[in-house]
Amino acid sequence: MSSEEEKKNTMTSGIGDYLATELDHDNAKLADMGYVPELKRNFSLWTLLGIGFALTNSWFGISASLVTGISSGGPIVTVYGIAWVAFINGCVGVTLSELASAMPNSGGQYYWAHELAPKEWANFLAYLAGAIGWAGSVFTCSSVALAIGSGLMGMIQINNPDLVIERWMVFVAYQLFNFVAFLFNCYGRALPTIGSAFMYISLASFTIITITVLVKASPKQNAKFVFANFQNETGWESSVIAFIVGLINPNWSFSCLDSATHLAEEVANPERVIPIAIMGTVAIGFITAFSYSIAMFFCMNNLSELVATPTLVPILELYRQATGSVSGATGLEFLVCLTGLGCQIACHTWQARLCWSFARDRGLPGSRYWSVVDKRMGIPFYAHAMSCTLVAILGVLYIGSVTAFNSMVTACIVLLYISYCIPVVALLIKGRNNVKHGPFWLGKFGLFTNWVLLVWTLFTLIMYSFPFVKPVKPDNMNYVSVVYFVVFAFVLVYWVARGKRTFRTKDEREVAVETRPIHRISSVTSNPSPRD
């Protein structure tokens, strides 16, 4: 063997030993938390960022709701709203990154609450954080399925002008995208590649659409229309309240930042990788969403036609006005829907992991089924299938009441914030310096971001419950308070009836740590996890 070949083999062996050591370290740390490693660490920093950005995908969110906030303040509610919400969610990202860096676990917010809360409250608060977070993830999946289902029907309608879109048609498209995303998530080994591929697709689509619309649209709006035109058509006498209500749309576009934390057991060195993925998602999301919204508003011509479009997709009508072509508009909207499919796939990856990890600690009815990892697929298949089924069922709500469905979309934002707040309150009570810090820890600035999250959550819980317009009628009422009541009622009733007896306690996890055999831990093990 030549010296060059020996050198190459030595390098390859060294890299392999290093990766094995890293995997052993990560899995040993997980075992110290009381869990058996069951998922392969297939994700890298780049593919994890791909999943995180594919899910949040802020420019897609803005595209899906760009014109709906016009009546709540005009273009400035979106332009300045994006900047404000990006700042808020930057603080949320720092908070989640600190906790994920200190305690990387697929349970995310519910595991942190378990570790940080006073012993007498730890179980209940962990259960509450897990249940509310999972509910928020299912509602988010539903909202994304509706956005791309509406886009598909809009493309069909614009090419068939005599077609009148009925709710059942959007419902069928909703179910189609939900099922396709379900299938994509059945191949665990392919998920990292799928995540990074859809990030490229999203960024390419953003670039193509923005440049095309800017080049083709004529005439363009002036800067005053984009940056200084305030229109309050909500019926609210207070322009401030109108502006706040309009913030729901950009806020939805930056939700779901905890997604990377629930892949902590599928990436090497999660205490360093997860914070980079979270903060990278916020940064890319702000740059794309902010520039995209400004470009679209400059190219907006006939606002009344956008609002009254028979496609029910205002951004599609904007594309038609800009390009002067139905086929051109269809092509651009196809890119939006393709990006949305990536978002839906990432949504299902996220909610399945949250459901599985929560079931692993017996937090759900039937946890013995949802906590099983299919070794052939490499995913928690039953948890994935059950969550997707719930998303399909929630689609029925759209047929019954668009207003009620939209209230569920609003609820997904605030429910996720609440689930983040529970471990943060526990952290502040315990004392930030009384926990072992991870590599990502920002000291006093981290404390500031914790308080920003808490204050903003309280603010949105109140203000996002206001009716969108006045006078208030049954078909325009904001029923988000009803959604909160139903979710919390179900969660609390199950806790009292069964959850407080079955949910795995911190003491049980500590016993599992003390009694586990001491040996080298491989990257995947077939040992069963706790069941109910």
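Using the three backbone atoms N, Cα and C, a Cβ is placed for every residue, glycine included.
Some features that TrEMBL has for this protein:
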TRANSMEM  43-67  transmembrane segment
TRANSMEM  79-104  transmembrane segment
TRANSMEM  124-148  transmembrane segment
TRANSMEM  168-191  transmembrane segment
TRANSMEM  197-215  transmembrane segment
TRANSMEM  274-298  transmembrane segment
TRANSMEM  381-401  transmembrane segment
TRANSMEM  407-429  transmembrane segment
TRANSMEM  441-466  transmembrane segment
TRANSMEM  478-497  transmembrane segment
Other than its close neighbours in sequence, what residues sit by the transmembrane segment (197-215), given a CB gap under 8 Å and a spacing of at least six beyond its ends?
49-50, 53-54, 57, 59-60, 284, 288, 291-292, 295-296, 298-299, 318-319, 322-323, 328, 332, 335-336, 338-339, 341-343, 345-346
Short question: which residues 6 or more past the ends of the transmembrane segment (478-497) have a Cβ under 8 Å from it?
124, 127-128, 131-132, 135, 365, 403-404, 407-408, 410-411, 414-415, 464-468, 503
Distant-in-sequence neighbours of the transmembrane segment (381-401), which means Cβ under 8 A and at least six residues beyond its ends:
134, 137-139, 141-142, 145-146, 167-168, 170-171, 174-175, 178-179, 181-182, 185-186, 348, 351-352, 355-356, 359, 366, 369-374, 408
Range from 43-67, 124-148, 168-191, 407-429 with the greatest count of C-beta pairs under 8 A to the transmembrane segment (79-104):
407-429
Annotated stretches the transmembrane segment (168-191) and the transmembrane segment (407-429) touching (3 or more Cβ pairs under 8 Å):
no
